[in-house]
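**Q** Attaching a single structure in C-alpha cells format; questions to follow.
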Number of protein chains: 2
Amino acid sequence: MTDTFKRLEGASLDSRYPLGEILDAIRFNDDGLIPAIAQQHDSGEVLMMAWMNREALEETLATGRVCYWSRSKGKLWRKGESSGQQQHLRSAALDCDGDTLLMQVDQTGPACHSGRRSCFYVSLEGEDARITSAPLIDPEALYGKR
Amino acid sequence: MTDTFKRLEGASLDSRYPLGEILDAIRFNDDGLIPAIAQQHDSGEVLMMAWMNREALEETLATGRVCYWSRSKGKLWRKGESSGQQQHLRSAALDCDGDTLLMQVDQTGPACHSGRRSCFYVSLEGEDARITSAPLIDPEALYGKR
C-alpha cells in the first residue's frame, strides 16, 4: 500500500485531499491498469468490470462518459462507441488500498456485449452453472453481424 | 475468451452446464487469480474487491464462507480469520468472458481492514478526493495494535 492510502485510513469523514495527489498514488498494476467496477446508480446492479489506465480514468472524470482501456484492442475504449450503449458517470470512489475503482453509472440499455443488461449472468449453483438473464437486444443489432 | 464462455453468450435463460466444465474454463490471470467483487446481498452496497485462485473459489462454493487469495501474504485468506468479520456467500456469478466473479454476500460488520463497512470510501469529486465514511469499529479492536 502506498503511504498516501495508508494515511487516508485514519482520515476523518468528509476530509478532502487534492485530486492530483490521490491519482498519483493509485496502485496501477504492472500493465498500468486498475480494475473498474460499474454499478447502476439507482438499482444497485453491478453491470460489469473492466480496466482503466490513468488516461482512461482522467478522461472519464473529465467528460463524465466512462472510458476504459481495452486490453484486447490495446486502446482507449469509450463505452458505447461501437454499440451506442453509453455509460455515464455519476460518481467514482477508490478503495482503501488505492488499487480498485467503483463507479456509480447510468447505463443506457445493455452493458454486456452479449446484449444483456449485466455481464454477470453465469450463476454458480451447486453442481451446475445456470444462465440467469437473456439479452435485451440481439448483439447483431448492437454491433452488426460479426 | 474461451470457447466455453463464447458459447454461453447465446445460451438461453435458465440453461444449465456442469459446474466443473465452467470452472475449468475460467480465465485466471498469469498469477492464477481472478478478481472477486463482494456485494452485500440486501443493500446492494459493493463492499470490496479481492482475488481468488481456483482453490479459494472452490472452498468458497463448498463452505459458503468467502475465502480469498491474499496476494500480500501469499496464502488463502478466509475473510474474518483475523478480524472476526466474516463474509458468508449467498450466490456467485461469473461474467460473460469468465474472468471476474461477483458475489452476493452477508458481511458481518466492517468488510474493510480500516474498520469501515465498505472499502470504497475515497470519492473522486471535482478537484478533490473526499473521505465518505467513518470506521464502524476501531481497527485496533479488530486486529490488536499493529
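Glycine is treated like the rest: Cβ placed from N, Cα and C.
Pulled from TrEMBL, these are the listed features:
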DOMAIN    B:48-121  domain 'Phosphoribosyl-AMP cyclohydrolase'
BINDING   B:Asp95, B:Asp97, B:Asp99  Mg(2+) binding site
BINDING   B:Cys96, B:Cys112, B:Cys119  Zn(2+) binding site
**Q** How far is it from B:Asp95 (Mg(2+) binding site) to B:Cys112 (Zn(2+) binding site), counting Cα to Cα, in Å?
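**A** Spelling it out, the Cα of B:Asp95 (Mg(2+) binding site) and the Cα of B:Cys112 (Zn(2+) binding site) are 24 Å apart.
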**Q** Other Cβ atoms within 10 Å is the metric here; tell me which of the binding-site residues B:Asp95, B:Asp97, B:Asp99 scores highest.
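**A** Its Cβ has the most other Cβ atoms within 10 Å: B:Asp95.
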**Q** Return the residues near B:Cys96 (Zn(2+) binding site), defined as same-chain residues 6+ apart in sequence whose C-beta is under 8 angstroms from its C-beta, sorted by sequence, else 'none'.
**A** B:Phe5, B:Leu8, B:Glu9
**Q** For B:Cys119 (Zn(2+) binding site) and B:Asp97 (Mg(2+) binding site), what Cα-Cα distance in Å is obtained after rounding to a whole number?
**A** 26
**Q** Can you count helix, strand and coil residues in the domain 'Phosphoribosyl-AMP cyclohydrolase' (B:48-121) using DSSP?
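**A** When I sort the residues of the domain 'Phosphoribosyl-AMP cyclohydrolase' (B:48-121) into the three classes, I find 10 helix, 29 strand, 35 coil.
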**Q** Tell me, roughly as an integer, the mean pLDDT over the domain 'Phosphoribosyl-AMP cyclohydrolase' (B:48-121).
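**A** Within the domain 'Phosphoribosyl-AMP cyclohydrolase' (B:48-121), the model's average pLDDT equals 96.
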**Q** What whole-number Å value do you get for the CA-CA distance of B:Asp99 (Mg(2+) binding site) and B:Cys112 (Zn(2+) binding site)?
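**A** About 24 Å separate the Cα atoms of these two residues.
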**Q** Return the count of C-beta atoms lying within 10 angstroms of the C-beta of B:Cys112 (Zn(2+) binding site), excluding that atom itself.
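**A** By my count, 26.
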**Q** Please report how many Å separate the Cα atom of B:Asp97 (Mg(2+) binding site) from that of B:Cys112 (Zn(2+) binding site), as a whole number.
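**A** About 28 Å separates the two Cα atoms.
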**Q** Once the chains shown are all counted, how many other Cβ atoms turn up within 10 Å of the Cβ of B:Cys119 (Zn(2+) binding site)?
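**A** That number is 25.
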